[in-house]
Amino acid sequence: MSVNCSLWQENSLSVKRFAFAKFSEVPGECFLLFTLILLMFLVSLTGNALITLAICTSPALHTPMYFFLANLSLLEIGYTCTVIPKMLQSLVSEARGISREGCATQMFFFTLFGITECCLLAAMAFDRCMAICSPLHYTTRMNRGVCAHLAIVSWGTGCIVGLGQTNFIFSLNFCGPCEIDHFFCDLPPVLALACGDTSQNEAAIFVVAILCISSPFLLIIYSYVRILVAVLVMPSPEGRHKAFSTCSSHLLVVTLFFGSGSINYLRPKSSHSPGMDKLLALFYTAVTSMLNPIIYSLRNKEVKAALRRTLGLKKVLTMNR
């Protein structure tokens with residue numbers, strides 16, 4: 001169902017308000033999707049909040065690896081809160097509209113959290129590389145100052161890219177239609193509504209994707225090649241197993257996040273389709289955010305122990321009240 005753009009424009013030159021496309025004209029399908037996404041959203045929020053709380057309250061987890069994991073969990077909370085609530089509203093009501101300013105704000109935060117996560121995953125790979133390849137120098141090379149610097153660079157890169165891309169796109173005029181064929185203000189579907197030549201914007205999105213998605217991914221590959229070489233020369237099977245076990249959760253998260261993101265942003269424009277773009281976006285905004293805390297808690301004994309202590313402490317506090 002198309003939206004009457006005359007209701008969404010302040011003047012004939014630029015659309016001042018957008019609307020998200022409907023997922024389906026069948027109410028039953030929308031309700032089912034609403035239930036599934038809401039469940040994933042709640043699991044993601046609960047899991048990531050518990051992991052952050054467990055790391056902050058457990059001195060045994062005050063190490064570089066868990067410092068980055070706490071940052072990652074906070075990112076996932078911000079990531080899902082930026083996109084999912086508006087998506088849930090659009091699924092069960094006719095209030096599918098969003099102002100130009102609101103769309104720009106959503107795009108900025110989505111880009112901020114997405115780019116920062118790419119950089120943080122690379123920092124986590126570097127941390128594992130230092131821990132396995134240079135164990136004797138690990139504590140000095142990955143001290144608090146280095147970890148804080150890597151986190152600041154990751155967040156700063158995300159902020160700069162988010163501001164730059166959002167400002168670049170919303171400096172354009174949008175002549176209509178005003179319906180975004182997506183469920184949030186992602187860069188390509190919003191850019192598709194802009195007037196005139198957008199080739200420079202498309203090139204900028206592609207360059208940023210290369211620099212901020214491919215570059216961190218290549219750094220991760222390089223780190224894991226070094227890890228693999230170091231593990232293969234270890235004399236004991238127990239040492240090899242321990243080394244691989246410390247990397248397996250991170251490697252699985254990297255595969256899920258970069259796999260879906262690369263397919264969405266780096267494949268040729270001619271192969272894009274609205275249905276596939278929505279499916280991929282749903283995967284890396286809702287599904288991976290839900291799976292990350294599950295992966296780290298199920299495959300990490302220290303995190304599981306910290307979570308048990310955290311939940312046990314909450315039970316004690318509740319009983320005392």
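Cβ atoms here come from the backbone N, Cα and C positions, even for glycine.
If you look up TrEMBL, you'll see 31-54 (among others) marked as transmembrane segment. Panel annotation: around the transmembrane segment (31-54), residues 23-24, 61, 69-70, 73-74, 76-77, 80-81, 84, 87-88, 91-92, 282, 286-287, 289-290, 292-294, 296-297, 303, 306-307, 309-311 of the same chain, lying at least six beyond its termini, place a Cβ under 8 Å from a Cβ of the stretch.
As annotated by TrEMBL, domain 'G-protein coupled receptors family 1 profile' applies to 47-296.
Per TrEMBL, transmembrane segment is recorded for 66-88 (among others).
Sequence-remote contacts of a segment are chain residues at least 6 beyond its ends whose Cβ falls under 8 Å from one of its Cβ atoms, and for the transmembrane segment (108-126) they are 65, 68-69, 71-72, 75-76, 78-79, 82-83, 150-151, 153-155, 157-159, 161-163, 165-166, 184-187, 208, 212-213, 216-217, 219-220, 223-224, 250, 253-254, 257-258, 261. What TrEMBL lists as transmembrane segment is 108-126 (among others).
Per TrEMBL, transmembrane segment is recorded for 146-164 (among others).
Taken from TrEMBL, the feature transmembrane segment applies to 203-225 (among others).
Under the heading transmembrane segment, TrEMBL lists 246-267 (among others).
If you look up TrEMBL, you'll see 279-298 (among others) marked as transmembrane segment.
Beyond its flanks by at least six residues, the transmembrane segment (146-164) meets 64, 67-68, 71, 107-117, 119-120, 123, 126-127, 208, 212 of its own chain at Cβ-Cβ distances under 8 Å. Counting only same-chain residues 6+ beyond the ends of the transmembrane segment (279-298), those with a CB under 8 A from a CB of the stretch are 37, 40-41, 43-44, 47-48, 50-51, 69, 72-73, 76, 79-80, 83-84, 182-184, 186, 249, 252-253, 256-257, 260-261, 263-264, 304, 307.
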